[in-house]
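*Asks:* Here it is: the structure, laid out below.
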């Protein structure tokens, strides 16, 4: 690939966006960076795994937040020493990261293998079952967590200042975004898309369909695990309620708001969600019309409903359409992706 | 999709996005002069910004220095205890009205806050009310919003057990912050976390059951008991206190059943309890929205609730547990932050009257969130816990003459307070948790045929160590801790009897 071919508008837009995001700690308040943007990065990575499975594999998963949680619980169990609950292994924090990611990936492989022969609604239901079982596993097995969860989880010294967590989230987001995009053009990604479109034909061509689905789920689990480690560093604690069905659904809602067939949509959806959660209640007169913080879920539900009706491809879909209209004279490529969240927000 | 519809969609999305972004920037537009995000988070209380948010209107231009107490209240507007949101905010507001000269902004809702509070020349400004949902993750997000966005330097709250643990850890990581717990009753938040800037001016779940086992075993003749409690830190603490007390005097706990908090169908958990002819009694520590549901499940599965065979913690009272029925007369109930309504002293009457003078009505939880006289909410522990925290803040400020620039001095002053409060004096132990008097009560039928609570005994001066049962070196109360074993407890046989609402000493 030549340098000239890399200079597409999308790539330039992405590069500009990354530059702006890198400069954000100097442009915006600490709270906006450390709370809004850091959460956006972490949740965006987790939501991107939903997009990856849906877009390439045709699998809509509700178990991704469970895998985020598995990584968090495993890191907590491994890294904490002398805590009130959990295994208290007292490992070196970086070794604990490896431990957490390995366990999460292994769990994802097993869960993926079990679900590999299901598709569509059945896959969705099965992953919903995973999420529910995961909640009870951590709530009931007191050796791993129990209802009180793992508290006092410290992040490694290298990640001490909160802004470094933001940068880590940003770097991970860029890597995951580029990685997932590149995977779509690699053999595995192309095969997976073939499996998505016509599994019977792919099987008759000699491809191992369940294995491809399993590996895709495992890869998504690995990435969700990375997000989970960041999340538990940021939050300092994790408990079963962290991975209950509510947060699992919210992650899917983020992907839907952003656009479940666009990788950009994962971060865009996460950004809009966190922005709404944080600032909606501050809008002037908003409480006068009954939208208090207690009604936040109603608002998010209405937003999702609106998006489902008006633009099933989510906000990124709207951005892509606008992008195509703006570039109509030169629009030879039918699915030029949006330049990222900046072009829509 | 037509062009018009497409444009409408785009315009709608753009408008929504812009509105949110505007709100976002409005909330943070202060720091654009190059303040690195790396700074001001570990020291949230005195981040060097000037004027924190555009949406909070004008008067907080002085934020960023230590001349103002910027107070954030952590409540719960959702979840099993969401009904107590008005109550808890009302508690702190009343403390500000009674002790700091504040006036409330609405006479029918505490959620509109208060204004004009000032102690020793230092104004107390309410910057925000956090909306928890009983999960630690959510309350952490809310406290971060209050502290890191709205620049709060004092927090009152939270409400519930697991939240208290999370907020105590947050306080420990942010030593410049001052946190006065609201009514969160788990033991671990003070006994184990030991954050030097986290204060609790009330008891914990275990303390509130001190003396109950003594009465049930020695007075009512219970030898065996089955315990059912919420499966989270407060449920464990509350059950742990009862178990320690009942076993200390020679009783035996045969079953421990822990349904998750917020369960809606309790039938499978009730099935795990023994039948009424297999055990002398049952102890209930199921709270929030589960109190009613669990009792109804018991009635359906095992028959009516009878006073000679049931006892419970603070949730087992006629206001919250409406499924009790009149057969329940005679059942014993653990204490809470306040005393039952039959105990009336001039201080209590004055306190309740001050609530009625402050608001016309309050939609508190005990009145089903319908407008009711404010004293109904004020007489119950959720309101009162937040009230004690507010009084502690005021008295702490007075002790340092309104100077909050030296946080160590402020924290030392608060830690050394002995509050003279309507329901009894409260001081703190070395872990900054309350040493309190516990009022035990019994259900009775009044002349109108209604179930009411009557105080039977007061156990004075109970602290968190529970006579040596608990310490920083013991595990936190859990499903299987404490074990059932006999031991000496300082209050065994020393409870002060109460007759017709009058303590006999």
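Each Cβ is built from the backbone N, Cα and C atoms, and glycine gets one as well.
What you see is a predicted model, and the numbers here were worked out from it, not measured in a lab.
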*Asks:* Could you tell me which of the ranges A:10-30, A:94-114 is annotated in TrEMBL as transmembrane segment?
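*Replies:* Within the set A:10-30, A:94-114, TrEMBL attaches transmembrane segment to A:94-114.
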*Asks:* Can you say which of A:146-164, A:165-183 is given as transmembrane segment in TrEMBL?
*Replies:* A:165-183
*Asks:* Looking at the stretches A:65-82, A:94-114, A:165-183, A:214-234, A:300-320, which one shares the most CB pairs under 8 Å with the transmembrane segment (A:121-142)?
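*Replies:* Answer is A:65-82, with the largest number of Cβ pairs below 8 Å.
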*Asks:* What residues elsewhere in the chain lie close to the transmembrane segment (A:214-234), defined as a C-beta under 8 angstroms and at least 6 residues from its ends?
*Replies:* 38-39, 41-43, 45-46, 48-50, 52-53, 56-57, 59, 61, 64-65, 67-72, 75-76, 97, 100-101, 104-105, 107-109, 111-113, 115-116, 153, 155-156, 159, 162, 165, 168-169, 172, 176, 188, 192
*Asks:* Using a threshold of three or more Cβ pairs below 8 Å, and leaving out pairs closer than 6 in sequence, do the transmembrane segment (A:40-58) and the transmembrane segment (A:165-183) count as in contact?
*Replies:* yes
